[in-house]
Amino acid sequence: MGGPRRMSSALLLHFALLSLPPAGAFNATAYREEVESSLRLVHAVATGATGALCVTHRYGRLRAPLHAARWDAARARVDLAANLLHQLGLENADVLTAVSQSLVMGASSSERAVGARAVALQPDGTVQGAIAWERYGAGEPIAVPSPQMDKPPDPEYPWYVSAYQTEELRSSKFMPSPPGAAMGGWWTYPYYSCEAERWLLSYTAPVSKVRGLSGVVSLDIDISNLEINQCEAKIDDENYNQIYSFHGTHKCPNDTTYCTYKPNREMSTRHAGWARGSYICRCRPGYYSLHHPEGFNGTLVEVAFQEYEEGGLENWSEPYECLKCQPGCDTCRGPEICLATYNWPFRISLLVISVSCAGLTVCLTIYTRHHRRVKVFRVASPVFLSITLLGCAIMYMEMAAIFPVLDRYSCIATKWTRHMGFCITYTALLMKTWRVSLTYRVKSAHKLKLTDKQLLQWMAPILLIMLVYLCTWTLSSPPDAEVITDNLGLKFKQCTYNWWDHSLAIGEILFLLWGVRVCYRVRHAESLYNEARLISIAIYNIFTVNSLMIAFHLLILPRAGPDIKYLLGFIRTQLSTSTTVLLVFLPKVMRVVRGTGDTWDSRARARGVPASSSLNGIGLVPDDPPDLYQENEELKEEVQKLAAQIEFMKIVQMEMHNRHLRPRPGGYFSQPAPHSPAHANATAQVRRPGRVFGFRSQNYLLTY
């Protein structure tokens, strides 16, 4: 019984030819038509519209293959039964009964069949003997009418094909066998039994001719618990209970909707899984439906498609199309906008003002270079004034960088214009103020001189550090635009802020704090044209403006719209940059326009500020031709100091250690008592050497 089953070559040839795939099996159009026909049959059975089917036929066959590997145990029993009948013979009715009954007896519900039969055929194809069994539920199998004796089996039987009555190379009743499968028979396509009122799948194995008789052994599997999922199959889905042939046969418009399987597993519904349209057509992300926000019923979509195929409905998919959301909406439930709107006329007006300010700054740079020999510009160092204006022009161009809808390149331009312009402008101003601080705090008689070249050498490393930082930032982690929402939930793009921004902001704050400290130390310093105080005010102003704008962005208006943020950037630029330009350059330009640019500041001169004092702390720039007036003033001051010292030393040397002169009692060179009024007067006069050249002795009349 365990040896290989031997079959007649003629019978093997017949069944081998019957199992070959049809010539048009790979025709996609024909295959889809067969699947659609199967779906219509499923819908008719599910809705109870089986009158036309069950009146004229007893079975309704599908042309939808499925995976039958889950019933390999039942298949193996059929192959074994066919082998037993080949060895025991087909003449004995008891043998047919025992073998066929054993097929419906199983150890578990998955292995038990709901029907089985064994048929012995004579050489002419008529029935020699037959026995059939059916099982309902968990009860014992019962015998049912089998094919009539001395007649060929009914060709309508799904599990039987007569090799003598078919002209096809392969019967359409059997599914193609899996490649490499070692099966002795063939699985039928799924079919509906009108008598049993359930969906079945049969496995048929031939019994090779023995002693003039051949036979067929068949087993029926109830597949009514399977499900029809017309959506696309997913790898992670547990779709072992689904018929794969129906995957992807939904009628959802793929452009705007997607299919979601909605199984019908109600216990009161018979064959719940065998239903056409068990899915929902949901709108894809970026699309919406006002009247069907939860999706379209797949059953209605299937009916509309069927009417379209029958020629009674045009544009059948239009009612089931979803509408596209507004630009920028990932998801939506209506036509509401998702992107914040840009008030372009308003933004253009602010941009024009900023670009005009940048142009005026460039013009002011040319004006400064043209009048660099005028005293009001010369004493303020034209080189540093030009550098300051260059930085201001760069800061103005930040408004052009943040004008369009932001992307990576505009964000890079924003960071560069903002931080590089800030560094150039306020480094130049603070270098000038720092020079004033060093000059003002010197306590020796030697005058401290710091030239522009020396200050530029101090300024270059600061600019180089900023340049290296920005280049490293741009190359390693370039700033990009991220999508954020405003107070109304509308989306717009803003440049990202990360530790690169935070580190640079901390550095700029520390730099400004140092600048505030320097300005505070020179608050009492007198300078020509009051420039030190004006620069200090500009430094205080930028520190205050930046602090207030940080508070506005983070605390007061954290979710402002794009136009409000653009307005805040414009206000920050005007309050910081424009104020700096006005404070530093407007007084100079006004003096040049009034014709007093070459006149020394009379108020500074009245306060005792010498001509050698200026904002730079060095007087004239060494590279320029000397100013004779200023040199004369400096020489006059030095001569007056030297004359006073000589006068004092002459008097002291004349009266002291002179044995020919006797000081009068109470005189300047007498030795009064320590507590006498004369001693106090003499001490007070000696302690005022600055006025000693006007001293006249009470004892002697000094002539020069």
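Just so you know, glycine gets a Cβ as well, placed from its N, Cα and C.
What TrEMBL says about this protein:
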DOMAIN    346-593  domain 'G-protein coupled receptors family 3 profile'
SIGNAL    1-25  signal peptide
TRANSMEM  344-367  transmembrane segment
TRANSMEM  379-396  transmembrane segment
TRANSMEM  416-434  transmembrane segment
TRANSMEM  455-475  transmembrane segment
TRANSMEM  499-520  transmembrane segment
TRANSMEM  532-554  transmembrane segment
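Sequence-remote contacts of a segment are chain residues at least 6 beyond its ends whose Cβ falls under 8 Å from one of its Cβ atoms, and for the transmembrane segment (379-396) they are 354-355, 357-358, 361-362, 364-365, 368-369, 372, 417-418, 420-429, 431-432, 452, 455-456, 528-529, 531, 573, 576-577, 580-581, 584-585, 588, 614-616, 619-621.
Same-chain residues lying 6+ beyond the ends of the transmembrane segment (499-520) with a Cβ under 8 Å from its Cβ atoms: 415, 419, 422, 426, 429-430, 433-434, 437, 469, 473, 477, 479, 535-536, 539-540, 542-543, 546. Below 8 angstroms of C-beta separation, residues 386, 389-390, 392-393, 396-397, 399-400, 403, 563, 566-567, 570, 573-574, 577-578, 581, 585, 589 of the same chain, each at least six residues beyond the ends of the transmembrane segment (344-367), sit close to that stretch. The list of residues near the transmembrane segment (455-475) in space but at least 6 beyond its ends in sequence, with Cβ under 8 angstroms from a Cβ of it, reads 383-384, 412, 415-416, 419-420, 423-424, 427-428, 431-432, 435, 500, 504. Within the model, the domain 'G-protein coupled receptors family 3 profile' (346-593) carries an average pLDDT of 87.
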